[in-house]
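Presented below is the structure to which this report refers.
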Amino acid sequence: MPEFYRQFVDFRYFIEQTNNDSVLFPNLTLGYHIYDSCGNAQQAVKSVLQILSGTREPVPNYSCVGKRNIAGFIGDLTSETTVPIAQILTLYGYAQISYGASDPLLSDRLTFPYFFRTVQSDHHYFSLLTELLKYFSWTWVGVIRIDDENGDREFQLLTKYFSDNGICIEFSSKLNTKIDISTDVPYVVKHKDMLKKSTTSVIVLCGTVSTAIAEEFRMLSDVLRKKILILPTNWATNHMMYYAIHVFNGSLGLIQKSWYDLNSPKVKDFLVSIHPSKFPKDVLLEDIWRLNYFCYSANEYLYANSDNCTEEERFKDFWNFNNMLHSPRAYLAVSLLSHAIYKMFLSKPSPKQDKTLHNYKYQLHHYLKALRYNVQESPSYTFDEDGAFKSKYWIYNYIIKEKVKVQHIEFNPLASSEQKHFALGIRWKTGQIPRAQCSDNCIPGFRKAPMQIPHVCCYDCVQCPVGEMSNTTDSENCIRCPDMEWPNEKMNQCIAKTLEFLSYTNDVISLLFSSFSVLFLLLTLLILGVFIAHCETPIVKANNRSLSFLLLVSIKLSFLSVFLFLGHPVDITCMLRIITFGITFSIAVSSLLAKTIMVCVAFKATKPGSSWRKWVGVKLSNSVVLFCSSIQIIICMTWLSISPPFQELDLHTYPGTIIIQCNEGSAIGFYSVIGYMGLLAAVSFVLAFLARTLPDSFNEAKYITFSMLLFCSVWITMIPAYLSTKGKNTVCVEIFAILTSSAGLLASIFLPKCYIILFKPEMNKKSHLLMNTFL
């Protein structure tokens with residue numbers, strides 16, 4: 001084939017250029033033997049043994065030449081022929097560079113320590129192929145493999161890489177090159193039916209390409225016309241695909257990038273000079289001319305039906321001679337070997353060695369491993385630890401119209417998504433990127449759910465559960481948002497949770513509570529002002545004005561404590577809110593209790609010789625207030641010292657909401673404060689109830705009884721409501737209880753007196769009070 005002969009032409013071109021250039025390799029002349037393996041392993045082994053033995057017939061372990069100056073071997077193109085060659089050369093210690101064998105077996109440095117290659121192994125190819133499929137989201141592909149050793153080996157590797165990367169194989173079709181497709185109709189029908197039923201638009205090929213395989217693809221062209229074929233390297237560099245143009249048009253192939261430009265003027269001049277008349281001993285060249293130009297140059301009697309060659313025929317006229325995909329790698333192989341030989345030749349030998357190359361055959365591979373090589377304007381390259389020459393890859397996109405056209409685009413799997421613009425230059429069969437997925441993509445906010453079909457690529461999409469989100473396409477699992485965040489409506493992003501507390505600005509009820517608190521505060525101040533203005537009047541004096549003033553001040557502070565419950569809770573407000581109200585309201589109830597006790601004591605003391613007279617006075621009332629209030633203060637201080645209230649974030653009660661609330665710290669402390677106020681209220685209620693028969697002018701029993709009854713009713717009702725609500729509703733219950741109980745106290749005790757002071761001044765006289773006393 002002319003395209004394979006091109007490799008030899010480039011090989012010969014480098015040797016001649018090197019030998020004619022005294023600057024490149026001074027004092028070194030390269031020679032060579034060329035043997036054709038014909039793609040056959042037996043022929044390859046035979047050729048190697050002929051070279052090693054120096055005889056026409058191969059003789060293992062024998063050389064008829066005393067000193068052989070064989071430095072190394074270049075070849076072969078295929079893995080089938082290269083592996084047996086490498087096995088033999090390893091025994092003899094000769095370095096070998098292949099320009100096409102990609103079998104991963106050859107990467108074993110223990111088995112093949114002297115083997116190198118200008119291509120990379122199939123492992124690297126399938127790794128890049130997997131990245132390419134993942135880039136286009138092709139996770140549901142078909143595989144067509146050839147029924148040969150290469151096809152089986154590549155299919156095993158492909159299956160491993162695909163399964164490790166979540167790519168599923170919809171079908172696997174094996175083509176047999178030994179079947180006569182022109183007569184075996186069921187064979188063709190079976191493969192056509194399989195391809196028709198497939199839902200994928202992308203098919204990966206495995207195995208060795210041949211003319212017979214190309215014919216089979218031509219037979220399947222009607223079902224493959226809209227499929228994108230992914231070609232392995234040995235297919236992508238073979239002219240056989242042009243026998244089935246409609247099938248392979250728009251296909252893709254991954255091929256190692258070459259830095260050599262073998263279309264330079266010097267190379268073209270060398271190609272023009274090649275003709276059978278100039279190389280009469282080149283039988284292969286004679287055959288190429290005879291098969292392609294139907295002419296002969298050497299023996300005019302050998303081919304009676306052929307014409308004489310005109311010497312105007314040229315290689316450049318062969319359409320498949322300019323296949324540059326394999327040729328640069330062969331050129332690179334001989335270049336690398338030559339540079340290593342020259343470096344070895346320049347090295348200083350030991351005293352016991354002479355400077356002949358045949359003594360260095362076990363040393364050449366060391367120079368190859370250490371070689372740093374610049375290919376024209378490329379960066380410096382070396383062989384990797386597996387003996388492969390590292391290089392980048394091109395995506396070859398085959399656009400076949402009137403003339404053969406191949407465009408290549410560089411593929412860098414390590415580039416970021418923004419840098420991967422190569423897809424823009426690819427021309428697809430259908431004009432758009434084909435789809436190769438079993439299921440539609442799960443958009444962000446959804447996750448994959450397994451289907452009954454035993455393929456990881458086939459799945460249903462289910463929405464993420466409450467509190468979780470997914471922000472990538474085809475997410476395997478949803479991600480729970482952090483505690484302070486919550487998914488948005490589309491469940492594709494975590495956003496900050498809504499903060500819930502009784503806000504001054506966002507809650508109308510806060511304004512309502514604030515207004516009532518201020519209103520009652522002003523009313524309390526007004527009543528206090530009235531009492532101060534009329535402090536010398538009988539009704540104010542008769543009801544213990546010092547206790548009345550203390551009661552008004554404590555009620556005023558109770559109304560002010562409401563503002564500690566509003567706004568954003570912090571630790572200090574959490575500690576002050578219940579404690580402030582508990583102490584101030586306890587003072588208020590203690591004042592009422594002191595009033596009731598004073599009334600009872602006063603009437604007991606009116607009896608002649610009563611021992612109660614010593615208790616009449618300010619000291620008793622002050623002592624009662626101080627004693628009862630001190631107990632509440634002690635309870636509060638104990639609570640604060642042991643387990644004080646603190647700010648708490650409730651993250652779980654309401655989805656998407658953070659309730660900023662106060663934790664009591666100690667439930668015992670909280671209920672002790674409330675319970676003690678209830679105890680004071682109960683005692684006041686009992687004493688007031690017992691004092692109800694005393695004269696009305698000096699007695700507030702019925703008012704105290706009503707206010708304490710109101711307080712107990714409110715707070716007993718508040719407790720279950722407090723326990724059954726959450727967040728700001730709990731705060732509303734507390735504020736309502738505070739306002740109601742404080743307002744009830746204010747209204748019950750002071751409004752009747754203010755009415756008399758302001759609207760019934762005739763009743764606010766000592767004579768009137770004394771008259772009522774003795775009625």
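Including glycine, each Cβ sits where the backbone N, Cα and C put it.
What TrEMBL lists as domain 'G-protein coupled receptors family 3 profile' is 509-773.
Residues annotated as transmembrane segment in TrEMBL: 511-535 (among others).
If you look up TrEMBL, you'll see 547-566 (among others) marked as transmembrane segment.
As annotated by TrEMBL, transmembrane segment applies to 578-603 (among others). Sequence-distant contacts of the transmembrane segment (578-603), counting only residues of its own chain at least 6 positions beyond either end whose CB sits under 8 Å from a CB of the stretch, comprise 543-544, 547-548, 550-551, 554-555, 557-558, 561, 564, 612, 615-616, 620-622, 624-625, 627-629, 632-633, 635-636, 639-640, 645, 664, 670, 673-674, 676-677, 680-681, 683-684, 687-688, 690-691, 694, 698-701, 704, 707-708, 711, 734, 738, 741-742, 745, 749.
For 624-642 (among others), the entry in TrEMBL reads transmembrane segment.
Annotation source TrEMBL lists transmembrane segment at 673-691 (among others).
Taken from TrEMBL, the feature transmembrane segment covers 703-723 (among others).
TrEMBL lists 735-758 (among others) with the feature transmembrane segment.
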**OP:** State the residues, same chain only, that lie 6 or more residues beyond the ends of the transmembrane segment (735-758) and have a CB under 8 A from a CB inside it; answer 'none' if no residue qualifies.
**Re:** 513, 516-517, 520, 523-524, 527, 530-531, 534, 537, 539-540, 543, 548, 551-552, 555, 558-559, 561-562, 565-566, 581, 585, 588, 592, 700, 703-704, 706-707, 710-711, 714-715, 718, 764
Subject >> Distant-in-sequence neighbours of the transmembrane segment (624-642), which means Cβ under 8 A and at least six residues beyond its ends >> reply: 547, 550, 575, 579, 582-583, 586-587, 589-591, 593-594, 597, 665-666, 669-670, 672-673, 676-677, 680
Subject >> Mean of pLDDT values spanning the domain 'G-protein coupled receptors family 3 profile' (509-773) >> reply: 83
